[in-house]
């Protein structure tokens, strides 16, 4: 009882509205409205306007290109500086070991990872719009760079022309090989930077939308598997060839397993110890996040311990553990990348440019939303382009945003890009002053750092269960991106995944859901009749809706679904009519034959009667009358045509965003076919852009007028009811 009273009280509180207005079709509505007058600009006027320069416009463009000029003068030193210093130091402490480790992924000497952790990071401070992301080396991009470098300069243990027994010749070979790979990586960074810069200047920041979240997560998960398998040989201390291209993961695992008996036990023990320490450190940081003022920098601690143990026990000589080796002190002079290598790495540069931008902008959007500021996607492209292209002159390879470092930079109190600049200065101090101290650092320690940092990416395997529950299509995108990237390589895998994602968009529009709508009694609201019990259809009126635009890919399925859902097939009705007409004609013809035959029989009978002196009664014979009546009944003169069970069909165009020429022809054909069987077709809720396209496609003529278009479904329903009543009367 109380529940019923509460329900009645809620109903009384429900707001209502009542509007009395005419039934509007498109022609009547346009007659009531007055369009705003707009003077179209010619091409020369548009060019002149865009080239016009004023002090205000120049200042706006300068601030847009160099965001630091806008935020630095307003920098609140007392509020932000301490947080930025702590954040910068914490991020720099991570930047150093990750730079060394990710250089191994990029197939270049570790010192080039330090260069890539300084120049691009420092440049981003001036050109970037995100206050919290940490630019620098990243596992996925480094792996893609390393794949190209290994493909162009294959990793051979024994090279023709060098004597493997001569250590000097072997060192010369490796140094020549590394120099060539550095040139490949540098040229790749230059080209990917130029591509990003051009896309940014042309305002093509939207290209990142084609890398959907399921695609990126599937791709990065596969990249994590690639990275993990590539680090196994460093962890185990064995020497194998590095593979790239299709099935490189399979070949790498097979190569490691074939050499598993040559595992360096000392390297394995050091590596596993570092993995345990790093995992424990990350768990402590996670559990005591609120109590710790700054995260424990386990990576740099592990690097320092590993370097100390290696130097003290002389692991390189005593146990043949591979170490980082020579780290030149100071910065290298700028050098121009080798332009002749561009054709060989052009396609890879496009993939790296788009993936790098997608990673950076997605992370930047997360932090911008959390902290209440905006980022400019096009300026982010320009900033990354400058970081990569300018950095390439100083021997840095391609960089992007690092997820782990960005989270540390934000969580330790970083407020602006100053934190990133301070982290780059820390790396600079290492390069200039104390880089040589890390020469004894075992490579297995760097492998351990890389592997532990993949933990977050491996957690993305949980996406399979999530997408299974939410969207099977997004699950398919994730799986295709993962499998293709895993077995075809990151470059071809990304291309395959993007192509598949595009196909899913076409599939969704090509196979939309079709519904018949009905009215919620007493309202102007229309819903799916199959979904709700209260929804009722108007007698003689069908309302059809497809949740997609009408274009060449789905025009046939639209027509088929319309006939199936409404139960009215004009072609079938017309065919039935023609069949009935032919049958009726045959019946009349047969009746005429019978009548003629009867007449002939009567004439013969008359002659016979005359011969027998029998006279007719009233000019007719009884036999003639009976014969004619039997062979020509009244039903032969009556014909009933097959008719549809509806008089009006309303097409709901609310979900339709666009109509192409094929869609317009299909729509016109539907109107014509249904009109031939006595069904009036109306279009409801057609959007302005779709209406403009229909007009441009010459959809309207003397037979199809704007009177068939209505502002809403309810307008169309009322108009159809009025028309039916007038026809009935």
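For all residues, glycine too, the Cβ spot is worked out from N, Cα and C.
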Write down the single range among 217-248, 249-280, 377-408 that appears in TrEMBL as transmembrane segment.
249-280
If you look at how TrEMBL annotates this chain, which of 292-313, 314-335, 446-467 comes out as transmembrane segment?
292-313
Range among 156-183, 184-211, 520-547, 548-575 that TrEMBL annotates as transmembrane segment:
184-211
The recorded stretch from 292-313, 418-438, 475-507 sharing the largest number of CB pairs under 8 A with the transmembrane segment (133-150) is 475-507
When you look at the transmembrane segment (292-313) alongside the transmembrane segment (249-280), do they share 3+ Cβ pairs under 8 Å, ignoring any pair fewer than 6 residues apart in sequence?
yes
Of the listed stretches 100-127, 184-211, 292-313, 341-361, 418-438, the one with the highest count of C-beta pairs below 8 angstroms to the transmembrane segment (475-507) is 341-361
Look over the recorded stretches 184-211, 341-361, 418-438 and say which has the most C-beta pairs under 8 A to the transmembrane segment (100-127).
418-438
